[in-house]
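So that you can see what the record holds, here are the features copied from Swiss-Prot:
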type    : residues            : note
DOMAIN  : 1-215               : domain 'Radical SAM core'
BINDING : Cys13, Cys17, Cys20 : [4Fe-4S] cluster binding site
Amino acid sequence: MAYKVNLHITQKCNYACKYCFAHFDHHNDLTLGQWKHIIDNLKTSGLVDAINFAGGEPVLHRDFAAIVNYAYDQGFKLSIITNGSLMLNPKLMPPELFAKFDTLGISVDSINPKTLIALGACNNSQEVLSYDKLSHLITLARSVNPTIRIKLNTVITNLNADEDLTIIGQELDIARWKMLRMKLFIHEGFNNAPLLVSQADFDGFVERHAEVSHDIVPENDLTRSYIMVDNQGRLLDDETEEYKVVGSLLAEDFGTVFDRYHFDEATYASRYAG
(Lines of atoms letter the chains of each structure in order from A and count residues from 1; the text may use other names and numbers.)
(Lines give C-alpha, C1' and ligand atoms only; values in the text may rest on other atoms or scores of the structure.)
Protein backbone atom coordinates (compact mmCIF):
# COMPACT_ATOMS: atom_id res chain seq x y z
CA MET A 1 0.00 0.00 0.00
CA ALA A 2 1.18 3.52 -0.82
CA TYR A 3 0.39 6.12 1.81
CA LYS A 4 -0.72 9.71 2.11
CA VAL A 5 1.52 11.84 4.32
CA ASN A 6 0.24 15.03 5.93
CA LEU A 7 2.87 17.76 5.86
CA HIS A 8 2.10 20.43 8.44
CA ILE A 9 4.43 22.89 6.73
CA THR A 10 3.70 25.72 9.16
CA GLN A 11 2.04 26.20 12.51
CA LYS A 12 1.28 29.84 11.70
CA CYS A 13 -2.43 30.46 11.53
CA ASN A 14 -4.73 33.45 11.38
CA TYR A 15 -7.26 31.52 13.47
CA ALA A 16 -6.99 30.23 17.04
CA CYS A 17 -9.33 27.24 17.03
CA LYS A 18 -9.62 26.01 20.59
CA TYR A 19 -9.70 22.32 19.65
CA CYS A 20 -6.72 22.40 17.30
CA PHE A 21 -3.64 20.28 18.01
CA ALA A 22 -1.36 22.54 15.95
CA HIS A 23 0.16 24.39 18.88
CA PHE A 24 3.85 23.71 18.34
CA ASP A 25 6.63 26.10 17.29
CA HIS A 26 4.97 28.95 15.38
CA HIS A 27 8.12 30.79 14.39
CA ASN A 28 10.75 28.47 12.97
CA ASP A 29 9.30 26.95 9.82
CA LEU A 30 11.63 24.93 7.64
CA THR A 31 13.04 26.49 4.48
CA LEU A 32 12.05 25.63 0.93
CA GLY A 33 15.25 23.62 0.58
CA GLN A 34 14.49 21.59 3.68
CA TRP A 35 10.97 20.81 2.52
CA LYS A 36 12.35 19.77 -0.86
CA HIS A 37 14.65 17.37 0.98
CA ILE A 38 11.70 15.89 2.88
CA ILE A 39 9.62 15.57 -0.29
CA ASP A 40 12.57 13.84 -1.99
CA ASN A 41 12.83 11.57 1.06
CA LEU A 42 9.18 10.57 0.70
CA LYS A 43 9.61 9.98 -3.03
CA THR A 44 12.73 7.86 -2.63
CA SER A 45 11.06 5.66 -0.01
CA GLY A 46 8.57 4.33 -2.54
CA LEU A 47 6.01 4.23 0.27
CA VAL A 48 4.19 7.50 -0.42
CA ASP A 49 2.13 8.56 -3.43
CA ALA A 50 0.10 11.43 -1.96
CA ILE A 51 0.79 14.53 0.10
CA ASN A 52 -1.73 16.60 2.01
CA PHE A 53 -0.64 20.11 2.96
CA ALA A 54 -1.82 21.24 6.36
CA GLY A 55 -0.90 23.60 9.15
CA GLY A 56 -1.51 25.84 10.91
CA GLU A 57 -2.82 27.50 7.81
CA PRO A 58 -0.56 26.17 5.03
CA VAL A 59 -0.77 29.21 2.74
CA LEU A 60 1.00 31.24 5.45
CA HIS A 61 4.31 29.46 4.82
CA ARG A 62 6.45 31.99 2.96
CA ASP A 63 7.29 29.41 0.27
CA PHE A 64 3.88 27.74 0.06
CA ALA A 65 3.48 27.98 -3.72
CA ALA A 66 7.03 26.80 -4.39
CA ILE A 67 6.62 23.80 -2.06
CA VAL A 68 3.37 22.82 -3.76
CA ASN A 69 4.87 23.15 -7.22
CA TYR A 70 7.89 21.06 -6.24
CA ALA A 71 5.74 18.26 -4.81
CA TYR A 72 3.56 18.34 -7.92
CA ASP A 73 6.60 18.08 -10.17
CA GLN A 74 7.71 14.97 -8.25
CA GLY A 75 4.47 13.28 -9.25
CA PHE A 76 2.63 13.27 -5.95
CA LYS A 77 -1.15 13.44 -5.78
CA LEU A 78 -1.81 16.63 -3.83
CA SER A 79 -4.49 17.84 -1.47
CA ILE A 80 -4.77 20.65 1.05
CA ILE A 81 -6.74 21.27 4.21
CA THR A 82 -7.33 24.94 4.90
CA ASN A 83 -9.63 27.15 6.94
CA GLY A 84 -10.42 28.83 3.62
CA SER A 85 -10.24 32.39 4.88
CA LEU A 86 -7.06 33.30 2.97
CA MET A 87 -7.58 31.21 -0.15
CA LEU A 88 -9.12 34.13 -2.04
CA ASN A 89 -5.97 36.21 -1.53
CA PRO A 90 -3.99 35.82 -4.78
CA LYS A 91 -0.73 36.83 -3.09
CA LEU A 92 -1.00 33.86 -0.73
CA MET A 93 -2.88 31.48 -3.00
CA PRO A 94 -2.26 32.19 -6.70
CA PRO A 95 -5.46 31.00 -8.42
CA GLU A 96 -3.53 28.88 -10.93
CA LEU A 97 -2.33 26.75 -8.01
CA PHE A 98 -5.79 25.19 -7.72
CA ALA A 99 -4.87 23.21 -10.85
CA LYS A 100 -2.19 21.32 -8.90
CA PHE A 101 -4.59 19.89 -6.33
CA ASP A 102 -6.79 16.83 -6.70
CA THR A 103 -8.70 17.73 -3.55
CA LEU A 104 -9.47 20.99 -1.79
CA GLY A 105 -10.30 20.31 1.84
CA ILE A 106 -11.93 23.10 3.83
CA SER A 107 -12.45 23.14 7.58
CA VAL A 108 -16.05 24.15 8.22
CA ASP A 109 -17.27 23.69 11.78
CA SER A 110 -20.27 25.99 11.58
CA ILE A 111 -21.90 28.66 9.43
CA ASN A 112 -23.06 30.53 12.52
CA PRO A 113 -20.64 33.41 13.20
CA LYS A 114 -21.30 33.27 16.96
CA THR A 115 -20.35 29.60 17.10
CA LEU A 116 -17.24 30.16 14.98
CA ILE A 117 -16.08 33.00 17.20
CA ALA A 118 -16.70 30.88 20.31
CA LEU A 119 -14.58 28.12 18.75
CA GLY A 120 -11.81 30.56 17.89
CA ALA A 121 -12.38 29.98 14.16
CA CYS A 122 -11.89 33.63 13.32
CA ASN A 123 -9.11 36.13 12.85
CA ASN A 124 -8.12 38.87 15.29
CA SER A 125 -10.94 41.05 13.96
CA GLN A 126 -13.44 38.21 14.55
CA GLU A 127 -13.95 37.76 10.81
CA VAL A 128 -15.09 34.25 9.93
CA LEU A 129 -15.46 32.15 6.80
CA SER A 130 -19.05 32.98 5.96
CA TYR A 131 -21.26 30.77 3.83
CA ASP A 132 -20.97 33.27 0.96
CA LYS A 133 -17.16 33.23 1.13
CA LEU A 134 -17.16 29.45 1.24
CA SER A 135 -19.36 29.32 -1.85
CA HIS A 136 -17.14 31.86 -3.63
CA LEU A 137 -14.01 29.86 -2.82
CA ILE A 138 -15.48 26.63 -4.17
CA THR A 139 -16.67 28.40 -7.32
CA LEU A 140 -13.20 29.88 -7.92
CA ALA A 141 -11.45 26.54 -7.39
CA ARG A 142 -13.77 24.81 -9.86
CA SER A 143 -13.36 27.57 -12.43
CA VAL A 144 -9.61 26.89 -12.47
CA ASN A 145 -9.81 23.12 -12.00
CA PRO A 146 -13.20 21.66 -12.97
CA THR A 147 -12.25 18.20 -11.72
CA ILE A 148 -11.12 19.28 -8.25
CA ARG A 149 -12.84 17.36 -5.45
CA ILE A 150 -14.25 19.43 -2.61
CA LYS A 151 -13.96 17.87 0.82
CA LEU A 152 -15.16 19.31 4.10
CA ASN A 153 -13.70 18.58 7.52
CA THR A 154 -16.00 19.29 10.44
CA VAL A 155 -14.69 18.80 13.96
CA ILE A 156 -17.56 18.04 16.30
CA THR A 157 -17.31 19.65 19.73
CA ASN A 158 -19.86 20.47 22.39
CA LEU A 159 -20.22 23.93 20.81
CA ASN A 160 -21.45 22.81 17.39
CA ALA A 161 -22.87 19.31 17.96
CA ASP A 162 -26.48 20.50 17.76
CA GLU A 163 -26.08 22.57 14.59
CA ASP A 164 -27.50 21.89 11.14
CA LEU A 165 -25.11 22.40 8.21
CA THR A 166 -27.15 20.48 5.64
CA ILE A 167 -27.48 23.55 3.39
CA ILE A 168 -23.79 23.17 2.53
CA GLY A 169 -24.25 19.67 1.19
CA GLN A 170 -27.48 20.56 -0.56
CA GLU A 171 -26.09 23.54 -2.46
CA LEU A 172 -22.33 23.10 -2.89
CA ASP A 173 -21.93 19.51 -4.19
CA ILE A 174 -19.49 18.21 -1.60
CA ALA A 175 -17.66 15.06 -2.73
CA ARG A 176 -16.58 13.95 0.73
CA TRP A 177 -17.47 15.19 4.19
CA LYS A 178 -15.38 14.05 7.13
CA MET A 179 -17.04 14.51 10.49
CA LEU A 180 -14.45 14.11 13.18
CA ARG A 181 -15.18 13.66 16.85
CA MET A 182 -12.73 16.01 18.56
CA LYS A 183 -9.67 14.18 19.84
CA LEU A 184 -8.39 15.10 23.28
CA PHE A 185 -5.03 16.81 22.95
CA ILE A 186 -2.57 18.00 25.58
CA HIS A 187 0.66 19.74 24.60
CA GLU A 188 2.85 22.22 26.45
CA GLY A 189 0.00 23.36 28.70
CA PHE A 190 -2.64 23.44 25.97
CA ASN A 191 -5.74 21.37 26.68
CA ASN A 192 -8.95 21.07 24.64
CA ALA A 193 -10.85 18.94 27.19
CA PRO A 194 -13.57 21.59 27.82
CA LEU A 195 -14.83 21.03 24.25
CA LEU A 196 -15.20 17.25 24.41
CA VAL A 197 -18.45 15.94 22.94
CA SER A 198 -20.39 12.84 23.94
CA GLN A 199 -20.68 9.86 21.62
CA ALA A 200 -24.45 10.32 21.49
CA ASP A 201 -24.19 13.96 20.41
CA PHE A 202 -21.55 13.10 17.81
CA ASP A 203 -23.74 10.32 16.40
CA GLY A 204 -26.69 12.71 16.28
CA PHE A 205 -24.72 15.23 14.23
CA VAL A 206 -23.68 12.55 11.74
CA GLU A 207 -27.24 11.26 11.39
CA ARG A 208 -28.60 14.75 10.65
CA HIS A 209 -26.18 15.17 7.76
CA ALA A 210 -26.23 11.66 6.32
CA GLU A 211 -28.17 12.53 3.16
CA VAL A 212 -26.39 15.67 1.99
CA SER A 213 -23.05 14.44 0.66
CA HIS A 214 -21.96 11.69 -1.70
CA ASP A 215 -19.62 10.39 0.98
CA ILE A 216 -20.12 11.02 4.69
CA VAL A 217 -17.21 9.77 6.79
CA PRO A 218 -17.70 9.78 10.57
CA GLU A 219 -14.43 9.44 12.46
CA ASN A 220 -14.44 8.66 16.15
CA ASP A 221 -10.78 7.85 16.54
CA LEU A 222 -7.85 8.92 14.37
CA THR A 223 -5.17 7.41 16.61
CA ARG A 224 -2.16 6.12 14.66
CA SER A 225 -3.99 6.35 11.33
CA TYR A 226 -2.92 9.87 10.36
CA ILE A 227 0.69 10.13 9.15
CA MET A 228 1.68 13.56 10.40
CA VAL A 229 4.93 15.42 9.83
CA ASP A 230 5.21 18.62 11.87
CA ASN A 231 6.67 21.96 10.78
CA GLN A 232 10.14 20.79 11.86
CA GLY A 233 10.00 17.76 9.58
CA ARG A 234 9.38 15.23 12.36
CA LEU A 235 7.02 12.28 12.16
CA LEU A 236 4.74 12.39 15.22
CA ASP A 237 3.06 9.56 17.10
CA ASP A 238 -0.38 10.37 18.52
CA GLU A 239 -0.94 7.19 20.55
CA THR A 240 -1.38 9.24 23.72
CA GLU A 241 -2.70 12.76 24.27
CA GLU A 242 0.93 13.93 24.41
CA TYR A 243 2.27 13.64 20.85
CA LYS A 244 5.74 12.10 20.65
CA VAL A 245 8.47 12.47 18.03
CA VAL A 246 9.23 9.26 16.12
CA GLY A 247 12.08 10.70 14.07
CA SER A 248 13.23 13.48 11.75
CA LEU A 249 12.84 13.21 7.99
CA LEU A 250 15.71 15.67 7.66
CA ALA A 251 18.06 13.24 9.41
CA GLU A 252 16.76 9.77 8.51
CA ASP A 253 15.12 7.97 5.62
CA PHE A 254 11.33 7.98 5.78
CA GLY A 255 11.21 4.18 5.65
CA THR A 256 13.49 3.89 8.68
CA VAL A 257 11.42 6.35 10.71
CA PHE A 258 8.11 4.85 9.58
CA ASP A 259 9.23 1.39 10.69
CA ARG A 260 9.37 2.73 14.26
CA TYR A 261 5.83 4.11 14.07
CA HIS A 262 3.24 1.62 15.34
CA PHE A 263 0.89 2.43 12.51
CA ASP A 264 -2.73 1.24 12.49
CA GLU A 265 -3.01 -0.08 8.94
CA ALA A 266 -6.64 -1.16 9.22
CA THR A 267 -7.89 2.18 10.53
CA TYR A 268 -5.87 4.02 7.89
CA ALA A 269 -7.38 1.89 5.13
CA SER A 270 -10.89 2.61 6.38
CA ARG A 271 -10.18 6.35 6.62
CA TYR A 272 -8.93 6.67 3.07
CA ALA A 273 -11.21 4.20 1.34
CA GLY A 274 -12.54 5.79 -1.82
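We count from 1, first residue shown onward.
Note that Cβ sites are derived from N, Cα and C of the backbone, with glycine treated the same way.
Here Cys20 ([4Fe-4S] cluster binding site) comes close to Cys13, Gly120, Asn192: these same-chain residues lie at least six apart in sequence, with C-beta atoms under 8 angstroms from its C-beta. Summarising model confidence by region, the domain 'Radical SAM core' (1-215) averages a pLDDT of 94. Cβ neighbour count for Cys13 ([4Fe-4S] cluster binding site): 21 (other Cβ atoms within 10 Å of its Cβ, all protein chains included). Taking the Cβ of Cys17 ([4Fe-4S] cluster binding site) as reference, residues of its chain lying under 8 Å away and at least six apart in sequence are, in sequence order, Asn83, Ser107, Asp109, Leu119, Gly120, Ala121, Val155.
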